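**Student:** First the structure, then my questions, so here it is.
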Protein chains: 2
Amino acid sequence: MTDLSATTGVTDRPSGTGAAWDLVSGGPAYERISDFLSRQAPETPCLVLDLPTVRHRYAGLRSALPDARICYAIKANPEPRVVDELVGLGSSFDVAGLGEIELCLARGAAPESISYGNTIKKRRDIARAYEHGVRLFATDSEPDLDNIAAAAPGSRVFCRILVDNKGSRTPFGRKFGCPPETAVRLLGRARELGLDPYGVSFHIGSQQLDPDAWEHGILAAREVFEGLAGRGIALRMVNLGGGLPAAYTQSAPPLQEYATRIEAALDRHFGADRPELLVEPGRHLVGDAGVLRSEVVLVTPETGSDRRWIYLDVGRYNGLAETEGEAITYRLRTSRDGDPVGPVVLAGPTCDGDDVLYESTEYELPETLRAGDWVELLSTGAYTASYSSVEFNGFAPLPTHCVDGDERTERP
Amino acid sequence: MTDLSATTGVTDRPSGTGAAWDLVSGGPAYERISDFLSRQAPETPCLVLDLPTVRHRYAGLRSALPDARICYAIKANPEPRVVDELVGLGSSFDVAGLGEIELCLARGAAPESISYGNTIKKRRDIARAYEHGVRLFATDSEPDLDNIAAAAPGSRVFCRILVDNKGSRTPFGRKFGCPPETAVRLLGRARELGLDPYGVSFHIGSQQLDPDAWEHGILAAREVFEGLAGRGIALRMVNLGGGLPAAYTQSAPPLQEYATRIEAALDRHFGADRPELLVEPGRHLVGDAGVLRSEVVLVTPETGSDRRWIYLDVGRYNGLAETEGEAITYRLRTSRDGDPVGPVVLAGPTCDGDDVLYESTEYELPETLRAGDWVELLSTGAYTASYSSVEFNGFAPLPTHCVDGDERTERP
């Protein structure tokens, strides 16, 4: 068993990150990945995904929120092998656009399992989704609703409302969602347009560290239900969005705590009239399944400081887009763990001044680390490979390899 | 002739942006692009590059800085047709990594025309570059210098020094460059290691709006020259880096003003001992050659404000990475230009809350703009297509089409 809890690389390491959030109970997943890396010695940088971890996470969520329909937010990682796993488990899918719909269908997902969750869509993409059999659409504006009515007649729609994102490491700002009173108007209009006003969605921000964050969304959803009931329309569904965390350096409560608080809020605001539930996990299902292996390109001293700059062969433009603003702080392992550590700045390999991963966040890494050594970024299964640039600075996109128990397969 | 100066889309429009910086003298380039778009009606979003503009810009720079060797910073746009043009014109190339070296060579560039300008490189990449015939390398640290000495024996090296980036829209921070005194030490050591200590480089930040910004870099370079002269080493080259602007909404002085100030600073600090000069334009050669055509996906009112949100089918993850922090503010044209305008927020199409282009910058666009209309982002030839993500949210990378006078060719 490899104890990963000892190697976050962060000076002011929070306590309580614990095994519950680790690469699934600490050992076997990491050992499978590590074994693959030593046997195959793939070129770095590369992402290795442990498929049993994805299955384990799906089962855990299934059991924590047994009434919720799980719609995997495929944008987190559209790796076909991950989609295959989730199709096999009976998951539904939250998609952002036509490309993702076609990927799901190509991997055997049923059209009824697809929720077109993007409120920004071209009318012709709605039409194409409808031709593919998709019948469930998010909306938050009148023009989009009109498009759905015209291009996907009779479909179910849910309205996304705007809620507070406090507590999220990557909040959404005001790009999506409308006030509850607008939702009442839009869903009323949906009925007039021949659509099926199905429910309400909200998103409390990705990597949400406060399990109480869902409370006000559920309350706001209840208000929309009541507003529509006053117009003789019975909504049936609340979509709890995403936000469930992966194991980065910040401490996050265990999944059960999220489930308990969400269930309590539902009881409080809906009582016996419990609606159907949807949940849209992305990061939570795949984040902890991934390890990104990189190589140290260069170690240089910082002028006038005791810090070193560690340049890796992975950076913001070939996989680590979520280090923008140092929002997501990955746990690290290195090939020199155990040696004395000192403060570092971590940067990527491109000629771009913005390609610095962590300069404010206080990471410490072994003093012995040098070019050619490896650094692993843990819990990098979400929002990494698919964010890679096509060829910025002539660097190739981050390749993904999958491991699965005894069988080890590779997909570049 | 299309007058583009009237259509920046920005409320507080600076004066003086003028024709000198426009899509090469205003009309013909834009007309070629526009003609291509109406004839071919390619799927949006797409980037259309006008190759005559690239040639025109190269010739302009050649004439403004006749003594400087022009090394195109290929990272700005690695489109093979652009490389072809520049190879044909006798340009040299500033490359960030092996991928770019191999692209240049594949398009017919001579190895002697290549400057490996990234200070962060693996020893095996240096070795591979050397095998390809590359003999000119940037450095700014001892470990990198040792790698060059080991893997590219006898090569010319120049040392990048750290200078102030004030006045740049996209400054570099502290990722690259060393203090002048370190440069003296490193270039002295280069000689001991059997390398050829060739000169000094600096970069005053991309899209530099102050033509005086080069002054202190040239002065610092002079200090390094003197420091080495004291050790019996005669440096021969000053690399002025990049920084020359493209025509965004901010006013930029004409190229001749940059050239005059740079020449004056060289006279002041080097006098009759004028060194060889290198210059690394990227943005300046290709930025204004590009028009990015996008489609309006949705227009929605902002709650509690008179602004509208305009959602385009292009955003930060499929071409507009440089809108991060609203650093680069593109000039816009729309299919409704001429109609009364009002304030807007511009956002991209993905389910990502960060995929907002301009929220603080005060853009105004026609009140009549609606889904299906087009919006063009001007001067988008640099740092767009190659930054696209491979498939984030299932959206394809930004395709590039090239136009060239009468001959119109397409490269998806």
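Cβ coordinates come from backbone N, Cα and C, glycine included.
All TrEMBL annotations are machine predictions without curation.
What TrEMBL records for this protein is below:
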type	residues	note
DOMAIN	B:53-286	domain 'Orn/DAP/Arg decarboxylase 2 N-terminal'
MOD_RES	B:K75	N6-(pyridoxal phosphate)lysine
ACT_SITE	B:C351	active site, proton donor
**Student:** Under DSSP, is B:K75 (N6-(pyridoxal phosphate)lysine) helix, strand or coil?
**Tutor:** helix
**Student:** Including all protein chains displayed, how many Cβ atoms other than that of the residue listed as 'active site, proton donor' lie within 10 Å of its Cβ?
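**Tutor:** By my count, 27.
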**Student:** Could you give the Cα-Cα distance between B:C351 (active site, proton donor) and the residue listed as 'N6-(pyridoxal phosphate)lysine', in whole Å?
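**Tutor:** Rounded to the nearest whole number, the Cα-Cα distance is 28 Å.
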**Student:** What same-chain residues, at least 6 away in sequence, bring their CB to under 8 Å of the CB of B:K75 (N6-(pyridoxal phosphate)lysine)?
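**Tutor:** Residues satisfying the criterion: B:V95, B:A96, B:E100, B:G282, B:Y383, B:S386.
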**Student:** What is the pLDDT of the domain 'Orn/DAP/Arg decarboxylase 2 N-terminal' (B:53-286) when averaged and given as a whole number?
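**Tutor:** Here the mean pLDDT over the domain 'Orn/DAP/Arg decarboxylase 2 N-terminal' (B:53-286) amounts to 96.
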